[in-house]
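Copied over from Swiss-Prot, here are the features:
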| type | residues | note |
| --- | --- | --- |
| ACT_SITE | B:72 | active site, charge relay system |
| ACT_SITE | B:147 | active site, charge relay system |
| ACT_SITE | B:171 | active site, acyl-ester intermediate |
């Protein structure tokens, strides 16, 4: 049996400032070390002060993950020396004597399976280490960027309840969707959600893989680890406790360090941060502010739009996709058609090309326009599928693209008859078959499509062929 | 004795009864003459710069317009190096002012320099400084107490009328007692610690040091107040009405268990003051602190634990001593820290790290917190019966240089009377009450939480009506 547990680190992108100072938490595009102050640089004498909005997002997450919420928010110092640390301790939380995490003992339902959440911490992110050559091995020196230092994180730790790579991926996708629906995290931002993965196979010790970026990467890393660990055990090599690193380029895990002993972090409550009281009234207030979560939204989709439960689940799995669906169906009422297109064509193409829904430039009104062209018979479904990728990449409207490419359906009866006559001449054998077996008509239609670059109006083409073969 | 108070000095400067040039000249002359022996300052600012600021400040006005102040070198001052008396921060120049410095500047005070101290405030004699010990102006053979010894000596030598210190376990009061000046360890949370280089955050406060009770009160009223940059400050505005408060009918508990542990000459002088208080109508009673023997160990466990954490940041990466840059980071850190920290600092980091490590945390740290609560409770009970608890500030006379520095247990024992107030977060004031063979002896007054002003007003009465000891200047015997 495989046991998998996850430690997920989520940037609370909803917070506009860092966790313990007033520096902006969004430093996109800023020069290194320009978004800093005495507090996040750990200068002598600087004192952290809690950004109280963090409490809200911690509690919303705890409620959504069905956790028990602590009565006090207590921050602990977690001590270890490392170059990315501004104080050589991280302000985090600790579930132990004299301290507590903001929440613990929760769960996420994955279909009908319960994945237990051990605890949720609020903590600060360290600075970013930059290796000038890109590799720790070949760099002569290390650069540090403190813009990230002190930005707010949630750490969400599961029990080892996951049993496969696929399950771990589904879990992360669901967690991501929950966090997006809560507004805690805009997980589309690079590095906004990362996971440390703990994996053990039968007969081996627990191996930790650090810093894996996306649900897909987590799936790949786990598959790689399971195969590696099983192969080792088969060869009689022991799997010891160790920490490994996910090499995103080579898609393999590499050893980082062996864990001979548990590291002693010397936790103790940060004396600069007085405990913050979490009253039942406060929790009630946030309960009332709780937005619709993915499971509820999927249920509503089934009722409101008559989509299948499977479709509903796929749609809500990514908040941006569910939003897009509702934006389209607000004005275009053939719900099944929209669901099919989004799930089967739109998402597939996005996934295959590694583009997120938010990165896609095809807006709801563009897609509505696309359906309108299809319904009017101006373009075929085949053209729809051809147009989608270009809409996604360029943001051009279907109208623009059709015009540019001359992709409208050919409805000119004379022209169609001429093409069809050509086909019927060339395909004498098929014509004979078609007279006995109407299914072969489709083959003839296909040949017409080939000659017209898929532009022949399908409806008209079928009718003309049937008429000419005397099948009507 | 001519009673010159800060209010008079500010008036004289404004009315040009005292020219800024003369004021500055006089001050720098004294420093030039004595400080090579006393070593109260780590950094003295240039005379020209200071004179310019003083003149500007007199024109602008403020409660301290043009008044020079000495600042302990663990309080962050923008543009003026802040060394904590450590090789580690020998060249560190902060890019920001501590909140207390902002407040002082707003009232027109001008920083003359940064005063010597025990390295990172770890010590009771100002001997652990990387910049050499400070000597007691009353007797150059002896220590001025610590860790704010430079501030204490600067006042006793008459360089300045005001100074800031910080008090983690007695670091304002020990030098106050040994230099025959006034010092207040404020109630925890009344003065912002933002910009105070942390030694033990849960215990320490910045506090005023002065040559009389009135000035002490004035300085305290300026630096106190809530600060959104320090979440441990309390959101409360104190009533800063400063006036003599007679001791008549004031209930005073004399801590006999503490008094008994003091040297004879010290307890002798204190008992003498107690008798005089009694004849002024104070209601005197002998009492005991209780659990006194646990106070010191609990204090040192908490202080060292916090210290080991606070001092982790000094790795030479962002600032501070970074002679070594080559090799892997572990080696670099170890070399820089190994060379730049002094013995006492290393001792406390090691002990603190040990205490916080798994298994010992519960046994030592959590137990120390229990003792701390116990002492708080004892004091709460005592303050139902007494308005003030009285004891000597220091159990012994100022030790000679080198006498206790190599005997840590003896050095730590000097803090016995003072750590109680830090553990309990209550205010404690030290004032001069007498001498024994020309060596100053200090009286400690402790009051209940937030009774800081009350203590100052009582000390004002004692100073004027009983001891008549204020604005004392040592005649330095070079």
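Backbone N, Cα and C atoms are what each Cβ position is placed from, and that goes for glycine too.
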Between residue B:147 (active site, charge relay system) and residue B:171 (active site, acyl-ester intermediate), how far is it from one CA atom to the other, in Å?
5
Integer Å distance between the CA atoms belonging to residue B:72 (active site, charge relay system) and the residue listed as 'active site, acyl-ester intermediate':
11
Look up residue B:147 (active site, charge relay system) in the DSSP assignment and report helix, strand or coil.
coil
Residue B:72 (active site, charge relay system): secondary structure state under DSSP, collapsed to three categories:
strand
List the residues of the same chain that sit at least 6 positions away from residue B:72 (active site, charge relay system) in sequence and have their Cβ under 8 Å from its Cβ, in sequence order, or write 'none'.
B:114, B:115, B:117, B:148, B:150, B:151, B:163, B:164, B:165, B:166
Within 10 Å of the Cβ of residue B:171 (active site, acyl-ester intermediate), how many other Cβ atoms can be counted across all chains shown?
36
Relative to the Cβ position of residue B:147 (active site, charge relay system), how many further Cβ atoms are located within 10 Å?
36
